[in-house]
Amino acid sequence: MDRASGLWIRQLCSGLQRRAGVKQQCSLSVCAVPARQCSSVGYTDDGDRALLDRVIRVDHAGEYGANRIYAGQMAVLGRSSVGPIIQHMWNQEKDHLKKFDELMVANRVRPTILLPFWNVAGFVLGAGTALLGKNGAMACTVAVEETISNHYNNQIRTLMESDPEKHKELLQTIKKFRDDEMEHHDTGLEHDAELAPAYSVLKTVIQAGCRAAVYLSERV
């Protein structure tokens, strides 16, 4: 990692710690040592540690991206009839992101270095589909939330196979958020997502992008 990237990650981690109300400790800060040298209580095994890092990092990135998508939708449709519906879903996504911010700090997991890209890409996706109208925004919601729900289901299976007792709290969080995402998916369908222009093509393209984002955020 180059010097600029290292500085950016340290600054981001400091912000996450402030949001979670955690004071920095110079000798133990997640930003002061490489992620592979960190350890959390109950996660002394290297395999468990790697799994925890991967799960929290990618889920934090996903919830961050979802927040930016809804921000883009609200920028276009906030004053329309579907504004309150989009705001309700966005509020839930804000709660999801806050929780993963806290988990990042508590478990000393570094964020993906791609967050600046997801910041822009998420907002552009949300605003761009909203410019197609209400149906376009809802089609985006269906595509994204279906992908995230499937991703959460895969994580649940992986964590259950690894050690359900050790991962109990994380499993409860992911299951709750998975249910929220499915609620958003269903809301999109109820509000005419399938009537969006070129719905099938739009959904396929968005989901391909989401899967690529998941793959990259798990690894970098």
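Placement of Cβ uses the backbone N, Cα and C atoms for every residue, glycine included.
Per TrEMBL, the features are:
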- Glu63, Glu93, His96, Glu181: Fe cation 1 binding site (BINDING)
- Glu93, Glu145, Glu181, His184: Fe cation 2 binding site (BINDING)
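Remark: Glu93 (Fe cation 1 binding site) has Glu63, Ala66, Asn67, Tyr70 as non-local neighbours, by Cβ distance under 8 Å and separation of at least 6 in sequence.
Under 8 Å, Cβ to Cβ, and six or more positions away along its own chain, Glu181 (Fe cation 1 binding site) finds Glu145, Ile148, Ser149, Tyr152. When the alpha carbons of His96 (Fe cation 1 binding site) and His184 (Fe cation 2 binding site) are compared, the span between them is 13 angstrom. For the binding-site residues Glu63, Glu145, the greatest number of Cβ atoms within 10 Å around a candidate Cβ is found at Glu145. Residues Gly62, Ala66, Asn67, Gln92, Asp95, Leu97, Ile148, Phe177, Asp180 surround the recorded Fe cation 1 site, their Cβ atoms falling within 8 Å of the Cβ centroid of Glu63, Glu93, His96, Glu181, which are themselves excluded. Within 8 Å of the centroid defined by the CB atoms of Glu93, Glu145, Glu181, His184, the record's Fe cation 2 site, lie the Cβ atoms of Ala66, Met89, Gln92, Thr141, Val144, Ile148, Ser149, Asp180, Met182, Glu183, His185, excluding the listed residues themselves.
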